[in-house]
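Taken straight from TrEMBL:
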DOMAIN    38-301  domain 'AB hydrolase-1'
ACT_SITE  Ser113  active site, nucleophile
ACT_SITE  Asp270  active site
ACT_SITE  His298  active site, proton donor
Amino acid sequence: MPESDKLYPKIVAYDEGFLKVSDIHTLYYEQSGNPQGKPVIYLHGGPGGGVSDHDRRYFDPQVYRIILLDQRGAGKSTPTASLEDNTTWALVADIERLREHLGIDKWVVFGGSWGSTLSLTYAQEHPDRVKALILRGIFMLRQSELRWFYEQGGASHIFPDAWDEYIKPIPENERDNFIAAYHKRLTGDNEEEKIRCAKAWSTWECSTSKLYVDPVEIAKASEDIWALAFARIECHYFFNKGFFKTDAHILENVDKIRHIPATIVQGRYDVVCPATSAWDLHKVWPEAKFEFMADAGHSAKELATTARLVQAADEYKTL
């Protein structure tokens, strides 16, 4: 797939570190761009996806102090794929601990997909620490969203070929609840089955994340370590309903953040996080800038979406 010419040039991190946040978990973080610049934190998707060098490129490195964080169990954070003490609220606390560790007062928060869930939840818990929000592919971890993508009758109708591969590891008598069936296997003792299920789960998401299917994206799911972290952590969160007390937790707490400048970018043909979620958020938060990308699916790397995300980050450079 072609790369957007709107991205900033490739840069290297000037600082890499590890932050111990519990007896179990140590998190990888990095900083790039301008050390005296305006702080922005990039929150990756999944959960379990981890960060990459590409994630630095949405931000002007002359202006921004760009902070990337691998969440618990993801990327270079240790222990890899660990589910113990791994919840939404632990991740929110980790972000706040990193802010304090880096001596930052307030920052711009950028997140897509699960990163939008975590960005919104963090902002609702710490609104006085957020200068602006840049959100893409809105996901609020509601049961309707999970049923759409992971159970029969939603995205399966649009990607039936990929769906058939997704359901292969699960016996027919357990296909009434794929999240539960995958959870049993991804947390089980059969290592061969665990890897097979991790790859099938990850391939399903990678196969559906762009308007035009991208073989490079799908190839990621063949990597044992990445697929295992991605699938195990995602399924763990979804099985536990995001550790939220109510299904509409984010929508119910929007009033806490309505004063924060925000941009919401949503692919019209996003199959992973369908547009209805972004629209529901828009209706209760009309102050936030909202835009549908007419020729995009779920991925931040699709050309129109990339351009709008870079534009949003540029717009907040003066904050």
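From the backbone N, Cα and C atoms, a Cβ is placed for every residue, glycine too.
Taking the features listed in TrEMBL, we show where each one sits on the structure.
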residue : record                    : Cβ within 10 Å
Ser113  : active site, nucleophile  : 26
Asp270  : active site               : 29
His298  : active site, proton donor : 27
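When pLDDT values are averaged over the domain 'AB hydrolase-1' (38-301), the model yields 97. For the pair Asp270 (active site) and Ser113 (active site, nucleophile), the C-alpha distance works out to 10 angstrom. In this structure, the CA atom of the residue listed as 'active site, nucleophile' is 8 Å away from the CA atom of His298 (active site, proton donor).
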